[in-house]
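Colleague: First the structure, which I've put down as structure tokens, then a few questions once you've had a look.
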Amino acid sequence: MALTSREMLSLMGTACLWLPLLAEMVAEDSYLNEVQNSVPLSCSEGFTELGYYNGTVSQTDSGALCLKWTEFPDYVMQYPGRGLGDHSYCRNPDRESNPWCFFRQNSGAIGWAYCDCHQGAARLVGSSSSGSGRVEVYLNGQWGAVCDSHWTDRDASVICRQLGLGDIGTALQHSQFGSGSGLFHYERLGCRGDENTLSNCRSRTFVTGDCSHGNEAAVVCAPPEGSGPPLRLVGGEEDFEGRVEVFHAGRWGSVCDDQWDDRDAEVVCRQLGYRGHAEVVSDGTFGEGAGLILLDDVHCEGSETSLLDCKRGIWGRTDCSHSEDVGVRCRGRSSQETNEVPVIAPSTGPLVRLVGGSSRKEGRVEVYLHGDWGSICDSGWNDLNAVVVCRQLGHSGGAVAAGGFGQGKGPIHLDQVRCTGKEEFLGECPSLGQSIQGCRRKEDAGVRCDVKQRESAVQVQPQERSCGLRKLVEEEGKRRNQGEESTLRTTWPWQVSVWLQSQSQDDGPLCSGTLIGPCWALTSASCVTRFGSDPSRYVVRIGGSEQSLTPQRVVVHRKFKGQSGGHDLALLKLPSSKGHCLTFDPNTNAACLPAADVSTGGNAPASCVVMVTAGWAGPDSVVASWVPLMSSWQCKKRYGDSFSSHGTLCAGSPPDTSILHGDGCQGNSGGGLLCQEETDGRWVLTGVVAGGYGCSDPSSPALYTRVSRFRSWINEVTAAPAEEPHARAQTQQVDNDITHVHRKLKRTHEQQLTNEINEIKHTYPSHTSQHAHAKHTNTPTVV
């Protein structure tokens, strides 16, 4: 039988460069230390119409590297026009069904072998989504896993790029998509992050036996949302260092080092999840980029959470060369410096992203579980949960629970999430999983991160970051529509009650009050002046903590002149130890204070809550009434020119409203009128119950001391800095105070009653005295 030309060439002597035929396969150990090429596609896609393979596979089915065809010039001349040339790609110039190539054996001899078109291929398994799954690599005819001990986002990005799933991959550890067959191929890939296939990752090491079930690496081929433009560090020896590259408009590019300093480096490291010191590394330490230079003239203050927040030039417009590519070295991600991004660390739960917002700092909260992005039911969702979500996404400012970001399309993964606000990751918070039923799609939870105090209609002090946050209660929306409600005192964590030392709990409290800080509560002066300002006479009972404390000081406003006068405010100083008073938790917190002289018009909320204490023996001890704020013209329409909004708030039920049967003012001085801000969800102490005419009448508004008018006095007593530096500093500028209002309202009310009685006399003369008596009986006493 005649030999083929390929076999004849193999039988020629080495002096002619043709070596004996060796059809044997290269042993596995022959390429353990030599990284092989890998391709994602089958060889069948590289055949021409004439049957010649014209693809890019360049290794044998055993993983040996192919030699260049130009090393065999006679063979190239024998088969012109068959794709042979100065390359090492597999070919079939003799129209074999499988492409093949020459290779060098360990002994130095030359042999030939068929090429394995699947060698080095990668796939994702174990997920219902094509863009995520457990990573498996094909070597020596078998699919095997990659160990997660050194698995990084750089490796994950190369896998995604090789599979045609984009340029950005997120590494997942601890068999997030289940365990495979138990066979592991690689312990470490060591990719820089810019390679096109695994074959270009030159630091790969094969598994040494330290990997087992539960250590399979996985990937999500999509960037975590909410952290600014995707970044990566390329060319460093460790994960925490490298040339800075940013992803924009579908491509990676480097950053020019013009004006670059350690503050810019800190922002890059913070965005990547590192929290320690950051430094600039220049002089080409991490090599030069080969693609675009996307950013120039970056200038960060150092406090930003992403490069997107820094001043910078126009994308892609620069006068730099790659010799000016900037690099950074980060520190402090964890005790062991790994490349585990905080939002996806397996020990702390799932990936988190924000969807549907107008910026990257707000949106519907979605978590990645079981291969799918899904939403969270807002049952029990509150500001404490929002704080944790925003912290996990790298936002350091204020955070509030929010809605209105649309309905998710995936499953509802979590319900009844219960964070304390101190967790680093949402996965640390207890919650109910997918088995929970009854959550409607319109109840998807959302958050707003980095909320600035000045975005609120009623601004709060910067130092009161936790103020105005409370736990949500189920069915609250239904109870709100029922007007007055009895509610758990822990639901309103700033509520306090004031008692006399000699009082029994069965008698009910002397009055109510509101915590405005760890050491201070605000109530009405008319409450405490009845029994003197000696603090030893009183007991302050704190809502959720059930503590009973004797105040250290009772400070009555210096202009308060009696029950019918204005300036009806008093401050109670709580006892402290070494400057520490109360410890706040989800059941005990302070209400926010409004900024000085803030008007309640314009963006004011539609309704607020009046809170008074009914008792302290049972759990349902706080009465909360939802009442609408009334504008000045509404009150003037009711009371005429005798009403002035200076120093006074007007709230209560407008005419033709039968929802509310009382606004909490009668006999409950000191109770707080709190309004929730729509922008950040915090509760602000807007007024303090001071009494009002028509208080027991559902159609009559009540009067409240406007807290914002007395901020300078509150700051003076509590030694807290004022929110507004240009606010009015002296309360004596308040001309038309509550004294003025009360006197005019009394005269107006009496005149109204007289007119009504006279009209009744003309219509029903026989019932005049009885009706008039009933009318006067309903007139409340001003407290």
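Cβ from N, Cα, C; glycine included.
Keep in mind that TrEMBL annotations are predicted by a computer and have not been checked by a curator.
From TrEMBL, for reference:
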| type | residues | note |
| --- | --- | --- |
| DISULFID | CYS147-CYS211 | disulfide bond |
| DISULFID | CYS160-CYS221 | disulfide bond |
| DISULFID | CYS191-CYS201 | disulfide bond |
| DISULFID | CYS256-CYS320 | disulfide bond |
| DISULFID | CYS269-CYS330 | disulfide bond |
| DISULFID | CYS300-CYS310 | disulfide bond |
| DISULFID | CYS419-CYS429 | disulfide bond |
| DOMAIN | 53-120 | domain 'Kringle' |
| DOMAIN | 122-222 | domain 'SRCR' |
| DOMAIN | 231-331 | domain 'SRCR' |
| DOMAIN | 352-450 | domain 'SRCR' |
| DOMAIN | 483-719 | domain 'Peptidase S1' |
| SIGNAL | 1-23 | signal peptide |
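So where do these features actually land, and what's packed around them?
Modeller: In the three-state DSSP classification, CYS211 (disulfide bond) falls within coil.
Taking the Cβ of CYS160 (disulfide bond) as centre and 10 Å as the limit, one finds 23 other Cβ atoms among all the protein chains shown.
For CYS201 (disulfide bond), other Cβ atoms within 10 Å of its Cβ number 20.
Listed in sequence order, ILE293, LEU295, ASP296, ASP297, VAL298, THR318, CYS320, GLU324, ASP325, VAL326 are the same-chain residues six or more apart from CYS256 (disulfide bond) with CB atoms under 8 A from its CB.
In the shown protein chains, 27 other C-beta atoms lie within 10 A of the C-beta of CYS269 (disulfide bond).
Under a cutoff of 8 A between CB atoms, and with a sequence separation of 6+ in the same chain, the neighbours of CYS310 (disulfide bond) are ASP264, VAL267, VAL298, HIS299, CYS300, GLU301, GLU304.
The DSSP secondary structure for CYS429 (disulfide bond) is coil. Residues within less than 8 Å, Cβ to Cβ, of CYS429 (disulfide bond) and separated from it by at least 6 positions along the same chain comprise ASN385, VAL388, VAL417, ARG418, CYS419, THR420, GLU423.
Broken down by DSSP into helix, strand and coil, the domain 'Kringle' (53-120) contains 9 helix, 17 strand, 42 coil.
A mean pLDDT of 83 is what the model gives for the domain 'SRCR' (122-222).
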Colleague: Based on Cβ atoms within 10 Å, give me the single least packed residue among the disulfide-bonded residues CYS191, CYS221, CYS320, CYS330, CYS419.
Modeller: CYS320
Colleague: Which one of these stretches, 53-120, 122-222, 352-450, has the most C-beta pairs shorter than 8 Å to the domain 'SRCR' (231-331)?
Modeller: 122-222
Colleague: Just to be sure I understand, if DSSP states are collapsed into helix, strand and coil, how many residues of the domain 'SRCR' (122-222) fall in each?
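Modeller: Looking at the domain 'SRCR' (122-222) with DSSP, the answer is 13 helix, 32 strand, 56 coil.
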Colleague: Name the one residue among CYS160, CYS211, CYS221, CYS269, CYS330 whose Cα is closest in three-dimensional space to that of CYS201 (disulfide bond); these are the disulfide-bonded residues.
Modeller: CYS160
Colleague: To the nearest whole angstrom, state the Cα distance for the pair CYS147 (disulfide bond) and CYS191 (disulfide bond).
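Modeller: Distance between the two Cα atoms comes out at 14 Å.
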Colleague: How big is the Cα-to-Cα gap, in Å, between CYS330 (disulfide bond) and CYS191 (disulfide bond)?
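Modeller: It is 18 Å, counting Cα to Cα.
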Colleague: Sorry to bug you, but what's the C-alpha spacing from CYS269 (disulfide bond) to CYS211 (disulfide bond), rounded to the closest Å?
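Modeller: Pair distance, Cα basis, whole Å: 30 Å.
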Colleague: What kind of secondary structure is CYS269 (disulfide bond) part of, going by DSSP in three states?
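Modeller: Looking at the DSSP assignment, CYS269 (disulfide bond) belongs to a helix.
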